[in-house]
C-alpha cells in the first residue's frame with residue numbers, strides 16, 4: 001500500500017512524514033546520511049579520493065601537469081575542476097557533452113576554490129612567466145542520489161590533501177625543467193571549505209542532505225559553504241522560493257557544525273593512511 005501511495009502521490013507521501021518531523025528514510029530533518037571517505041583510490045593519479053554520502057558516490061582524481069602561467073597572472077599556477085555526470089550514475093543523465101547540471105557543478109566548484117582561498121596559487125608557480133603547475137581535478141559521480149555538491153567539495157578536499165607534487169627545478173644552462181619524481185611534497189592546503197546542502201518543502205520546511213527524490217519534489221535548493229574558521233565562503237541557490245534571514249542563518253549554523261564533522265573525518269582518514277605507511 002505504502003509503495004503504491006509513494007508512486008502515485010510522491011509529494012503527499014513525503015509530506016506525511018514531514019508533518020511528524022521525520023523523513024521517509026527514517027532520518028530527522030537536520031540529519032545527514034552516513035558519510036564515508038577513502039583516499040588514494042586511483043593509483044595512476046597524483047592525488048585521489050572517493051566519498052559516499054548515503055548512496056551518492058563520487059570519485060576525484062588529480063593530475064598535475066607543467067605549463068606556462070596565464071598571462072594575466074604570471075606568478076601563479078591554476079586549477080581546472082571538471083564534474084562529470086555520466087549515464088551510469090543515474091538514468092536522468094544522457095550520454096554526450098556535459099549537461100546543464102554538470103556545467104553548473106563545475107562552475108560552483110571553481111567558485112568555491114577561488115572564494116575560499118583553498119590553495120595559494122602562487123605556490124604552484126615554479127618560475128614567473130615560464131613554468132607552473134596546473135592541477136586537473138576530474139570529479140566523476142558513480143552513483144547519483146542527491147546532494148552532489150557536498151560530495152564534490154569533500155572529495156576534492158580529500159584528493160588535494162592526498163596529492164603529491166614532484167620537485168621541479170629549472171636548469172640554468174639549458175633553461176629546461178628538470179623533474180625529480182623521487183622527491184615529492186604534499187600540497188599546502190590553506191582552508192578547509194565544506195558544503196552543506198538543504199532542500200525546502202512547501203516554502204517553509206527545511207531538510208538537510210536531500211536525496212534525489214527529495215530534490216525533485218522540493219520548492220528550493222540551497223548549498224552553504226563554510227571554512228574551519230566559521231567563515232562563509234559561498235552560498236549557492238539556483239532559483240526556487242525565497243528564504244527569510246532567520247531560516248538562512250539556521251542553514252549557516254548547521255553548515256558550521258557540518259564543517260567540524262567533515263574536517264574531523266578527512267583528518268582521521270589522512271592520518272590513518274600515514275600510519276599505514
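Just so it is clear, glycine is given a Cβ too, placed from its N, Cα and C backbone atoms.
What TrEMBL says about this one:
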- 31-165: domain 'Exoribonuclease phosphorolytic' (DOMAIN)
- 192-256: domain 'Exoribonuclease phosphorolytic' (DOMAIN)
List the helix, strand and coil residue totals of the domain 'Exoribonuclease phosphorolytic' (192-256) as derived from DSSP.
18 helix, 24 strand, 23 coil
Its residues classified by DSSP, the domain 'Exoribonuclease phosphorolytic' (31-165) shows 39 helix, 49 strand, 47 coil
